[in-house]
Amino acid sequence: LECNKLVPIAHKTCPAGKNLCYQMYMVSKSTIPVKRGCIDVCPKSSLLVKYVCCNTDRCN
């Protein structure tokens, strides 16, 4: 699986076991992602951040 990084033109191949792409948003500003990459478990959320995930190449 390949996931986008925060810079739109950059992407990376995910290591074994991390087979989801994610975008992390601040809950207070939920329109602009602050981090992107590979993740193993989804969804994750807290009081400050939320994760939006998908499982196809460069879908984040």
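From the backbone N, Cα and C atoms, a Cβ is placed for every residue, glycine too.
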Next on the checklist: Going by the disulfide annotation in Swiss-Prot, which one of Cys21, Cys38 is bonded to Cys14?
Outcome noted: Cys38
Next on the checklist: Which recorded positions are spatial neighbours of Cys53 (disulfide bond) here, meaning Cα within 10 Å, out of Cys14, Met26, Cys59?
Outcome noted: Cys59
Checklist entry - Other than its own, how many Cβ atoms are within 10 Å of the Cβ belonging to Cys42 (disulfide bond)? => result 14
Next on the checklist: Neighbour count first, Cβ atoms within 10 Å, every protein chain included; then name which of Cys3, Cys14, Cys54 tops the list of disulfide-bonded residues.
Outcome noted: Cys3
